[in-house]
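These notes concern the structure reproduced below.
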């Protein structure tokens, strides 16, 4: 069951301990697609409520397999004052080309006509491999509220072409593969959405600061250490359940188990992951 009571504590932890002031709700790590419509609405409301005057942006993922459900969630997000909405491509009956995908996205975006709209590109999970570069051509004509992309793919050529064509810098490209963020920044990504920022947000912010200076040697140290941890846990088996377990032992906030068909992280994983994270010496000395 969802546990709304910890979200206020969660917001305070992100802001105070991780210097993270933007959240992406009901996405992959939040198991949004495994929740009921009512549960998704309750979570969206609680994040917007608890984040008031504390968070800068609360983007609500409203994608669903059903167009009508996605539209309902978009209207709800607009009504509660979300900063933006995002939509994943439908992944059972899939769009087979750009026009079909844009038609679906447009029907959702039009239900929240003044709310910034993001496309959530994650082909590894959706199986929808329509290149974002192709999708962006003329998209603002169909979706006037189009703001950018949550780009959760390792195809940096596609991302680079998107950024290269974004000459007026009207769109945001938020990168979603945490272990490759520095590479995405180098070609022009201007933000990130990822699960590790729940517990490594402060370290990632220090990497962003180093990159902006630019101190690439220092930025690489942070990226390499994040990668060292992720490489270790991926070999153990790392998914949403394991992410919840790491966040629980780092923050002290009970994230709870995942919903079936996912199963909880093992005690062996938790012990090994905690020992590995504790062993890392970051450039800031912590």
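Cβ from N, Cα, C; glycine included.
If you check TrEMBL, you get these features:
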- 29, 193: pyruvate binding site (BINDING)
- 120: active site, proton donor/acceptor (ACT_SITE)
- 150: active site, schiff-base intermediate with substrate (ACT_SITE)
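With a cut-off of 8 Å between CB atoms and residues at least 6 apart in sequence, the same chain places 195, 198, 240, 243 near residue 29 (pyruvate binding site), listed in sequence order. Cα spacing between residue 120 (active site, proton donor/acceptor) and residue 193 (pyruvate binding site): 10 Å, rounded to the nearest whole number. Fewest Cβ neighbours within 10 Å among the recorded positions 120, 150, 193: that distinction goes to 193.
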